[in-house]
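Q: Here Swiss-Prot flags Glu104 as active site, proton acceptor, drawing on sequence analysis. Annotation source Swiss-Prot lists substrate binding site at Thr27, Gly28, Ser29, Thr30, Asp82, Gly83, Ile84, Asp85, Lys95, Gly96, Gly97, Gly98, Lys122.
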Amino acid sequence: MYEQEKKMLAEAAIKQVKNGMILGLGTGSTTRSFIDALGEWVKAGGEVQGVATSNETVEQAKRLNIPLLSLEEATHIDLVIDGIDQIDPRFRVLKGGGGALFREKVVALMSREILYLADASKFVHHLTGPLPVEIDAFARPYVERYLRDKQLDVTLREHDGQPFVTDGGHLILDVDLERVQDVRHFAQELKSLTGVLETGYFERQPDHVLTVEQGKVRQLAHPNLRDGGGLV
């Protein structure tokens with residue numbers, strides 16, 4: 001996504017923020033742009049509290065003097081604002097490219113409303129992945145063998161030539177979904193495996209998605225919502 005588009009989405013997302021809200025703050029490059037904008041909003045006198053989904057987000061929020069709550073301290077979460085990896089016409093979503101899928105999913109499940117930010121490339125007819133699968137390191141051989149027995153392409157996520165390790169101390173396997181017919185069922189199947197903590201298929205779908213079309217920010221509403229979205 002171009003930096004200008006990220007900035008446009010961040011500015012549009014700020015319009016959804018109200019004084020007194022508790023916000024779920026996602027992880028990733030698109031969300032970083034929003035948190036930068038939120039920092040300016042707080043600096044100008046806005047009052048919110050955030051629940052961060054990663055150590056990276058905690059550090060950024062602290063630098064910008066955005067007040068944070070732990071998950072235990074948050075009585076509720078009003079709105080999650082985060083990025084996505086893929087979304088299909090039924091608003092089924094893949095996330096976890098930034099490596100924070102488990103915490104992002106917990107925060108999303110606790111939130112009253114979800115707003116995702118996405119450029120046009122994130123919209124697909126079918127979810128093709130890769131699907132991030134967060135696993136305990138000890139279970140890696142077992143889970144990899146299970147997936148390869150299904151003729152699926154599996155890649156251990158790396159960072160700087162070493163296995164990527166999540167904030168929770170786990171590994172991530174990225175699974176190609178080209179041969180998977182039913183992603184929801186497949187994600188549930190994976191969750192039943194010993195050693196699998198979570199997958200990047202999000203059962204809780206967003207209420208709205210902000211995207212950029214022809215140089216303008218557009219808000220898309222979940223198919224089950226009555227408001228049809230529109231230009232922001």
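For all residues, glycine too, the Cβ spot is worked out from N, Cα and C.
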Q: For Asp82 (substrate binding site), which of the three DSSP-derived states applies: helix, strand, or coil?
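A: In the DSSP reduction, Asp82 (substrate binding site) maps to strand.
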Q: I need the least crowded one of these binding-site residues (Thr27, Ser29), counting other C-beta atoms within 10 angstroms of each C-beta.
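A: Least crowded of the binding-site residues Thr27, Ser29, by Cβ count within 10 Å, is Ser29.
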Q: Taking Thr27, Gly28, Ser29, Thr30, Asp82, Gly83, Ile84, Asp85, Lys95, Gly96, Gly97, Gly98, Lys122 as the record's substrate-binding set, what's the max Cα pairwise distance in Å, rounded to a whole number?
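A: Site span for substrate, by Cα atoms: 16 Å.
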Q: Taking the center of the Cβ atoms of Thr27, Gly28, Ser29, Thr30, Asp82, Gly83, Ile84, Asp85, Lys95, Gly96, Gly97, Gly98, Lys122 at the recorded substrate site, which other residues in this chain have a Cβ no more than 8 Å from that point?
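A: Near the substrate site, beyond Thr27, Gly28, Ser29, Thr30, Asp82, Gly83, Ile84, Asp85, Lys95, Gly96, Gly97, Gly98, Lys122, sit Gly26, Thr31.
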Q: Give me the non-local Cβ neighbours of Lys95 (substrate binding site): same chain, 6+ apart in sequence, Cβ-Cβ under 8 Å, ordered along the sequence.
A: Asp82, Gly83, Ile84, Asp85, Leu101, Glu104, Lys105, Pro132, Gly200, Phe202
Q: Using a 10 Å cut-off, grab the number of neighbouring Cβ atoms around the Cβ of the residue listed as 'active site, proton acceptor', all chains included.
A: 29
Q: Starting from the Cβ of Gly97 (substrate binding site), draw a 10 Å sphere and report how many other Cβ atoms land inside it.
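A: Other Cβ atoms found within 10 Å: 20.
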Q: When a 10 Å sphere is centred on the Cβ of Lys122 (substrate binding site), how many other Cβ atoms does it contain?
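A: I get 19 for this one.
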Q: Can you count the other CB atoms that lie within 10 A of the CB of Ile84 (substrate binding site)?
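A: Other Cβ atoms within 10 Å of Ile84 (substrate binding site): 24.
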Q: Take the Cβ of Asp82 (substrate binding site) and count every other Cβ within 10 Å, whichever protein chain it belongs to.
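A: Step by step: centre on the Cβ of Asp82 (substrate binding site), count other Cβ atoms within 10 Å, giving 30.
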Q: Provide the three-state secondary structure of Ser29 (substrate binding site) computed with DSSP.
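A: DSSP call for Ser29 (substrate binding site): helix.
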